[in-house]
Amino acid sequence: MFKFKSISKIYTYLFFMTSIFSITSSVLMFQGMKSFVYEFNLISMVSCKISFLLYFDWLSMSFWSVVSWISASVMLFSESYMKHDKFKSRFFSLVFLFVISMFFLIFSLNFMSILMGWDGLGIISYILVIYYQNEYSSSAGMLTALSNRVGDAAILLSIGMMMDAGSWNFMWMTEIDSNATYVGFLVILASMTKSAQIPFSPWLPAAMAAPTPVSALVHSSTLVTAGVYLAIRFDPYLNLLGMKKSIFLVGLITTLMSSLGATFENDLKKVIALSTLSQLGVMMSILGLGEAELAFFHLLTHASFKALLFMCSGKIIHESKSTQDLRFMGALNEGLPITSTSMNLANLALMGFPFLAGFYSKDLFMEMFFMDSPSWVLKISLETSLLLTSVYSVRLAFMGLLNLANQVNLSKTEDTDKSISVSKFLLILSSITGGATMSWLFLSSPLCIILLPENKISPLLCLSAGMLFGAILSTNSPNLNYPFSMNFMFHPITGMWFIPLFQKFFSKIFLGLSGEMDMFDKSWLEKQSKMNLKHSLIAVSSQLTSAQMSMMKIFIIILPLSFLFL
C-alpha cells in the first residue's frame with residue numbers, strides 16, 4: 001500500500017513527463033502536419049469486430065500537454081493542501097481517474113469511447129463535488145449531475161443515429177451519414193451543457209463545493225473545457241447546421257450575465273467560478289465567429305491562470321480561517337507575498353493585460369470581431385463584458401489582498417509551504433510565457449487584420465476603464481464597500497438573471513411528476529394489474545373448466561350409443 005506522499009509524487013512526476021512529451025510531439029506534428037490513428041482490436045468474432053481507436057494530432061496533443069501540466073501542479077498543490085484529510089489516497093485516486101477520463105475524451109475517435117470519457121467525467125465530478133458530504137455539497141452535486149445528464153442523453157442519441165452509418169467514427173461522418181446534421185446539433189447541445197452555457201449555467205458556480213484543488217482542475221482544463229473542446233472537434237459540422245450566429249449569441253449572453261454576476265458577488269470562490277463561466281462564453285463566441293483555432297488557443301491560455309487563481313483562493317481561504325467572504329478579508333499581501341503576487345499576475349492575465357497569456361488570445365478575438373463589422377448592440381455588449389472582466393478582477397485583488405484588514409485580529413498568515421509555492425511558480429511560468437509561446441508555435445502565419453484606429457485601441461480602453469472602475473468600486477468608502485449586491489432592485493441583473501430560480505422551479509415540477517409516476521407505478525400498475533390479472537385468469541379458467549365438463553358429458557352420452565349402433 002502506497003503512502004500518501006508516495007502516491008501523490010508518482011502522479012505528479014507522471015503528469016509532468018507526459019506534459020513535456022506531449023507538447024514536444026504536438027510541435028513536431030504541427031510542423032509536419034501529421035496525425036496518427038491507432039486501432040486496438042478488443043473483440044473479434046466471425047463477422048463482429050469491436051475496436052478501440054485513438055487519434056493523435058497537434059490539437060489533441062497540445063491540449064493533453066496543458067491538462068497534464070495543470071494536473072501535475074494540482075497534485076503537487078494537493079500534497080500540502082489536503083495533508084489533514086482522512087482519505088488522502090482516495091482523493092488522489094479520484095483525481096487521477098478524473099484526468100484519465102479526460103484522456104479518453106481528448107483522444108477518442110468514435111462516439112462510444114467519447115461516451116466513456118464523457119460519463120467518466122460526469123460520475124467522478126459528482127463524487128468530488130460531494131466529497132465533503134454535507135447538505136450544501138450534496139445539493140450542488142445533484143445539480144451538477146442532473147444538468148450534465150442532458151448532455152449525456154444528447155451523446156446517446158448521437159450514438160443511436162450513427163448506427164445508420166455502420167460506424168461510430170465521426171471523422172468521416174459527413175461522407176457516410178445522412179444524419180450528420182442532427183448529430184452535429186446534438187453534439188453542440190451536449191457541449192453547451194458541459195460548458196455551462198445559458199440556460200445550463202447554474203451548475204458551474206454550484207460545483208465550487210468541491211475541494212479547492214478539484215475546482216482548480218475542473219474550471220481550468222477538464223470538465224468545463226471538455227464541452228468547448230468537443231465543439232471545436234465538431235467545428236466542420238457547424239457549417240452544415242448554420243448555427244454559428246446562434247452559438248455566438250449564446251456565448252455573448254453567457255459572458256455578459258456571468259461578468260455582471262462576478263462584479264457584484266462577495267464570495268471569493270464564486271467570483272472565480274463566474275469568471276470561468278465568462279471565459280467559456282468568450283470561447284463559444286469565438287467558435288461562433290468561425291475561428292475554431294483561435295477558440296482553442298484561448299482555451300489553452302485560459303487554463304493556466306484560472307488554475308492559479310483557484311490555488312491562490314484556496315490558500316487565502318485557509319489563512320482567513322475558512323471564510324470565503326471578500327468583505328472579511330484584506331491586507332493579505334503582507335502575510336502572503338507569494339500568494340498575492342501569484343493572484344495579481346493571474347488577474348492581470350485574465351484581464352488581458354499586454355504580453356501576459358490572456359492578452360494574445362483576447363486581443364486577437366476582439367480584432368477579429370471588429371473586422372466582421374458587427375452591429376453596435378453586439379459591439380457594446382462585448383466591450384461591456386470585457387470591461388466587467390477588468391472590474392471584478394481588480395475588485396478581487398483589492399478587497400482580498402490590498403484593502404485594509406477586515407479579518408479576525410491576531411490572525412497568523414504564512415506563505416512558506418514549499419509544495420504550494422512550487423506549484424504556483426509552475427503556473428506563473430505558463431501564465432506569463434504561455435500566450436506568447438503558443439502564438440509563436442501554433443499561429444505562425446500572421447493574420448491580415450484591417451481596423452479603424454478606434455477599434456484597434458478598444459481592448460486597451462476597456463482594460464483601462466475596467467481597472468479604474470474596479471478600483472473605485474473596491475475602496476473602503478462605506479457607500480461603495482457594499483455595492484449594489486445588497487439591493488434587491490439589482491438582483492435580476494447580478495443574480496444570473498433568475499436562471500437558478502427557474503431551474504429550481506422546473507426541477508420541482510419534474511421531481512413532482514416523477515413522484516406521482518412512481519406512486520402510479522407502485523399502486524395501480526402493480527397492485528391493480530395483479531388484481532385484474534387474477535380475475536381474468538379465474539374467469540378464463542372457469543370457462544375452460546365448464547367447457548371441459550361439457551365435453552365430458554357429451555362423451556359419456558355418445559359412448560353407449562356408439563355400442564348400440566355397432
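Heads up, the Cβ atoms here are built off N, Cα and C, so glycines get one too.
Here is what TrEMBL says about this protein:
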TRANSMEM  12-32  transmembrane segment
DOMAIN    44-92  domain 'NADH-Ubiquinone oxidoreductase (complex I) chain 5 N-terminal'
TRANSMEM  52-77  transmembrane segment
TRANSMEM  89-109  transmembrane segment
DOMAIN    109-385  domain 'NADH:quinone oxidoreductase/Mrp antiporter transmembrane'
TRANSMEM  115-132  transmembrane segment
TRANSMEM  153-170  transmembrane segment
TRANSMEM  182-204  transmembrane segment
TRANSMEM  216-234  transmembrane segment
TRANSMEM  246-264  transmembrane segment
TRANSMEM  271-289  transmembrane segment
TRANSMEM  295-317  transmembrane segment
TRANSMEM  380-404  transmembrane segment
DOMAIN    392-565  domain 'NADH dehydrogenase subunit 5 C-terminal'
TRANSMEM  488-506  transmembrane segment
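Taking pairs at least six residues apart, the transmembrane segment (216-234) and the transmembrane segment (295-317) share three or more Cβ pairs below 8 Å and count as touching. Of the two recorded stretches, the transmembrane segment (380-404) lies close to the transmembrane segment (271-289), with three or more CB pairs under 8 Å once pairs fewer than 6 apart in sequence are set aside.
Per-residue pLDDT, averaged along the domain 'NADH-Ubiquinone oxidoreductase (complex I) chain 5 N-terminal' (44-92), amounts to 86 for this model. Count of Cβ pairs under 8 Å against the transmembrane segment (12-32): among 52-77, 182-204, 271-289, 295-317, the largest is for 52-77.
Highest Cβ pair count under 8 Å relative to the transmembrane segment (246-264), across stretches 182-204, 271-289, 295-317: 271-289.
Note on the domain 'NADH-Ubiquinone oxidoreductase (complex I) chain 5 N-terminal' (44-92): DSSP counts are 29 helix, 11 strand, 9 coil.
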